[in-house]
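Undergrad: The structure's right below; bear with me while I get my questions together.
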Ligand code: SF4
Ligand code: SF4
């Protein structure tokens, strides 16, 4: 029978009851090493999110998923719906990266970059700015309604709504050019769908970051529910060192805890007060822990004041705690078969995708046979097959293409074709192909239709087709 030691997941998913899981959480502010990292990630991700849609590139928006024209612009890259494979690969790579980071270091994504925690942190920052620190916020919520309370709450919600609407506008700005959107707002000329989506995403941000907060992580996010499958005994997690901390209890700073039969935990509860999900990490790793490391910073400050070594709560692994592993041994165990496999697959897929994108020919060719007539005899006695040709110029320069045909002796075009296609646009032509009647037997014969840019022979594509002989 597996026990807690041989079956690591059993220990990980054990959930200790907390006092009231639905009580409103008032996280106390905390500064420290990990909180600086969290804010660095918040600044980085939000500068990219709010700023990238304003970046001009080749006379248009650098990143734009233009649903109207069904073209996706990523800097120099122009992707069409036929390139949806790259989107699928991007999603697969994101999933692989998530598996890899989760297996190595637990809920890094949740704690540092997940939009839910990032926006919650930003909304919380505004809340503290207007309502004050934790005791003031608790007092204000408990107080009866008054002019002062109404004014403070109005100020907070005004700031929240402004940030939420800006977020909604920015999000929609990746699908409709952001400058058109803002002009539309100034001139009150936005279409109903644009208004709807800006309000929809604004309301989602306001609701999730202002009210749902940790409930989203606890009850709705599917990743929170299945991430433990990726954990093992060598996964880094926020861990309370029970052996060192217990028995917990208050004491004077000058007291010798061992002489008083105490561990290093002074039972100050600051690690609980700073927790954005309102849990007590001393009860063991719990589903509700989003890995924000606020409790590490909080406890380290308490340890500093008590002049005890830092790290009573720290990033560690179950094996490290049980076997007292050194930091270098913990790092060495990060490279284990499961993580190496994730890394190898991630590197292989990303390298192949990068190679494919770098060598991508910015031309797509579609050849469709004329459905009305398979083949016919022309007045000059030759046999004709008719095809519709559609070109997609996936670059941002206007191009002119020439068509060549091959595959049968004497196969030729009725007339030479030079097909023009505008930047990121389409070119069309009807091709009439001819051969002499004695060139091939009756039936279908494979042929090749090649389209080549007149100015750049490296931009060429060959499509296969069949030529029917009567
Ligand atoms: S237990 Fe610690 S790491 Fe987990 S959510 Fe609470 S404060 Fe963040
Ligand atoms: S902050 Fe540290 S010392 Fe204070 S209760 Fe939490 S674990 Fe114990």
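Each position is counted from 1, following the chain as shown.
Each residue, glycine too, has its Cβ placed from N, Cα and C.
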Undergrad: Quick one: sort out which of 177-194, 195-212, 213-230 is the transmembrane segment according to TrEMBL.
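TA: Going through 177-194, 195-212, 213-230 one by one, TrEMBL gives transmembrane segment for 195-212.
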Undergrad: Given the ranges 158-175, 248-265, 266-283, which one is assigned the annotation transmembrane segment in TrEMBL?
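TA: Residues 158-175 are the ones TrEMBL records as transmembrane segment.
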Undergrad: Please figure out which one of 37-57, 158-175, 340-358 racks up the most CB pairs under 8 Å against the transmembrane segment (84-105).
TA: 340-358
Undergrad: Could you tell me the mean pLDDT over the domain '4Fe-4S ferredoxin-type' (255-284), as a whole number?
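TA: Summarising the domain '4Fe-4S ferredoxin-type' (255-284) by its mean pLDDT gives 94.
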